Amino acid sequence: MTTLNIGLILPDVLGTYGDDGNALVLRQRARMRGINAEIQRVTLDDAVPSNLDLYCLGGGEDTAQILATEHLTKDGGLQTAAAAGRPIFAVCAGLQVLGDSFRAAGRVIDGLGLIDATTVSLQKRAIGEVETTPTRAGFTAELTERLTGFENHMGATLLGPDAEPLGRVVRGEGNTDVWAASENTDDQRQQFAEGAVQGSIIATYMHGPALARNPQLADLMLAKAMGVALKDLEPLDIDVIDRLRAERLA
Ligand code: GLN
């Protein structure tokens, strides 16, 4: 791989709370290891290239999220990339858009169907710090470190059998306990679930940006994009990140 191409998907509509920073973190962590990396911004005016090395989608407000869904559904490039197993990292509205359906602006909207998940509405907005332990499901088997982020959503996401949670909530709400109100109350995976892992997709409600707050998760995305094991990436010693994590996990 001569250049690692990182797709920043629809930053014009998806990118609340500095989620664009996830692509910056990936590029920086690649460059610090001597890997040539570039960010390709893909806006509502562009087609989504299906051959990028990894993809980042951020969060968004309801109307913005609907515009993103319409564009991605019509375009098809991200679906082709997912079918080819290219790594995709999606945050909040990004998670909901990749699922089967979500509610926004009073409507039920069909998502891309790349994650077996349905998002309904909460009575009360989930907002605040969230902390989880990784489930290490599928694509995330190599994760060992706690995950932290900031959540702010009205959506509550119920996972179907093809998706696994990314983390188990220690603090905060995560996907929220919609499982208790569903017909699947015997599905214990839903309890304290945060995010989703399905195929090459990792999705989460964690803003932050999440990859600045969770360097191991950033490196997992890079390792997957490069086709190497996480343990084979050269470690980076960045003091400010260690201090940030210590503060958030305190
Ligand atoms: N509009 C979505 C919700 O409220 C996503 C919000 C976000 O991305 N922060 O659930």
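FYI, residue positions are counted from 1 along the chain as it appears here.
Backbone N, Cα and C atoms are what each Cβ position is placed from, and that goes for glycine too.
Here is what TrEMBL says about this protein:
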{"type": "DOMAIN", "residues": "5-214", "note": "domain 'CobB/CobQ-like glutamine amidotransferase'"}
{"type": "ACT_SITE", "residues": "Cys92", "note": "active site, nucleophile"}
{"type": "BINDING", "residues": "Arg125", "note": "substrate binding site"}
{"type": "ACT_SITE", "residues": "His207", "note": "active site"}
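Look at the recorded positions Arg125, His207 and count other Cβ atoms within 10 Å of each Cβ; Arg125 has the fewest. Across the fold, the C-alpha of His207 (active site) and the C-alpha of Arg125 (substrate binding site) stand 15 Å from each other. Arg125 (substrate binding site) sits 13 Å from the residue listed as 'active site, nucleophile', taking the CA atoms of both as reference points.
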